[in-house]
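The following features are taken from TrEMBL:
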{"type": "DOMAIN", "residues": "22-106", "note": "domain 'RRM'"}
{"type": "DOMAIN", "residues": "141-217", "note": "domain 'RRM'"}
{"type": "DOMAIN", "residues": "327-400", "note": "domain 'RRM'"}
{"type": "DOMAIN", "residues": "443-518", "note": "domain 'RRM'"}
Amino acid sequence: MANGNDSKKFKGDIRSPGVPSRVIHVRKLPNDINEAEVISLGLPFGKVTNLLMLKGKNQAFLEMNTEESAQTMVSYYSSVTPVIRNHPVFMQYSNHKELKTDNSPNQVRAQAALQAVNAVQTGNMSLSGVDGGSGAQSPVLRVIVENLFYPVTLDVLHQIFSKFGTVLKIITFTKNNQFQALVQYSDAVTAQHARLSLDGQNIYNACCTLRISFSKLTSLNVKYNNDKSRDYTRPDLPTGDSQPSLDPQTVAASAFTAPGIISAAPYAGAHGFPPTFAIQQAAGLSLPGVPAGALASLGVPGAAAAAAAAAAAGRLGLSSMSAGGNSVLLVSNLNPEAHHTCFLYFEGVYGDVMRVKILFNKKENALVQMADGTQAQLAMSHLNGQKLHGQTLRITLSKHTTVQLPREGHEDQGLTKDYSSSTLHRFKKPGSKNYSNIYSPSSTLHLSNIPPSVGEEDLKELFQSSGATVKGFKFFQKDHKMALIQMGSVEEAIESLIEFHNHDLGENHHLRVSFSKSTI
């Protein structure tokens with residue numbers, strides 16, 4: 001239900017989203033979103049001073065206390081797309097400089113949610129029913145894992161606790177021969193929600209039981225981002241000396257991933273954290289002593305559990321492929337014209353494509369394995385719903401954790417391709433500058449690596465040769481190796497990128513094509 005006057009007053013922001021404002025326009029929210037979930041997007045970055053929900057349009061406007069905190073928030077979420085209840089959520093600056101709200105029922109609810117959060121943040125409100133370790137509410141939870149039959153990693157904890165709100169920091173340690181962790185949320189309300197929901201739950205089937213209380217600490221001081229501690233608001237922290245060790249237990253641990261409902265900070269691959277180590281599952285491995293299909297109450301994929309157990313038994317080779325979450329995407333509703341290299345180029349804008357498998361009985365479906373879970377999330381959030389060769393793509397995370405290559409001597413009619421050693425990967429280097437140039441598909445393409453002998457008309461002619469319309473072209477003033485070219489539509493731009501990325505322009509120059517945030 002749209003909220004009457006509100007949705008008439010705020011018709012969304014149709015404009016360039018680049019001018020900073022302390023009001024942020026949030027789009028593509030899930031239907032059943034509540035006020036607290038929208039507020040939690042802003043809390044890590046500063047105080048949220050106002051909120052306007054447009055539920056009928058799946059949108060909201062969030063007002064921060066300063067323009068600076070709004071800028072930090074927009075900048076952060078531009079590199080790490082927040083995913084709420086499996087919905088990628090998008091945000092940009094609003095052209096409203098402040099929010100003026102009325103007393104409609106929706107607004108009364110929004111104001112009540114804001115007051116509750118602010119009261120807890122400033123310590124003016126006690127939470128009933130809280131009987132944690134210190135007897136008082138705190139945004140920091142103390143977590144003890146009992147019956148530790150399988151190893152539990154920081155990334156697993158992050159995925160589980162992110163179901164209830166944005167996790168800011170985690171520290172893990174062993175005390176009294178027990179694996180423990182401190183988990184910090186932005187506010188005590190979220191921490192209480194997580195504690196009530198998770199205390200006593202098993203991470204994996206019949207083991208790894210969570211015992212959760214409130215910590216006496218109200219804030220955690222994290223010095224290093226590594227496999228023992230992480231500050232998700234500070235991607236710039238050093239790794240310290242604690243690199244992930246390569247003993248089978250550590251390796252096994254990182255193969256477990258409980259699917260998170262909100263994974264607002266899938267940092268690992270994108271920001272130069274040390275890679276976690278994933279397992280490439282060998283065919284036909286069984287789990288000794290664990291019943292087949294025994295899944296955790298918090299939902300850990302069986303394949304990951306099998307891979308982990310096999311690794312702990314020392315029977316698998318290692319590969320540093322996964323950084324937090326599943327890296328395999330299921331792409332459906334494909335046009336039969338789509339071919340393997342189209343994924344290498346198109347999804348390759350958002351991460352390094354390792355393998356592609358067109359499904360044998362359903363040629364309109366493909367499995368695409370990215371280098372890590374972060375890149376898979378980026379590709380899914382930017383490309384789901386885009387059009388390719390007239391068909392609207394549907395992209396979801398696959399239940400598969402790896403794309404299997406056909407066994408030697410078994411041909412699969414060329415349906416599976418391995419691109420793991422491709423020279424076209426854009427994100428091989430940790431912290432590559434390409435991460436800061438990731439944009440959603442647009443009708444304007446950024447061209448680079450243009451040789452001096454190739455001019456404007458040559459490039460326009462090249463892009464028109466596939467039947468597309470070129471609406472504009474502009475070389476960069478200071479650097480003629482780069483240019484912007486505007487196509488007739490976003491779909492034409494996508495098809496042109498697939499067609500002409502890596503096109504040989506002569507003089508040993510292969511054209512590089514990506515989406516641009518600018519227009520001509």
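Glycine residues also receive a Cβ, built from the backbone N, Cα and C atoms like all the rest.
TrEMBL annotations: computationally assigned, not manually curated.
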*Per DSSP, how many helix, strand and coil residues does the domain 'RRM' (141-217) have?*
22 helix, 34 strand, 21 coil
*Between 0 and 100, where does the mean pLDDT of the domain 'RRM' (327-400) sit?*
89
*Going by DSSP, how much of the domain 'RRM' (443-518) is helix, how much is strand and how much is coil, in residues?*
20 helix, 22 strand, 34 coil
*Counting each residue once, how many in the domain 'RRM' (22-106) are helix, strand and coil under DSSP?*
29 helix, 26 strand, 30 coil
*asked:* Going by DSSP assignments with H, G and I as helix and E and B as strand, what are the residue counts for the domain 'RRM' (327-400)?
replied: 21 helix, 24 strand, 29 coil
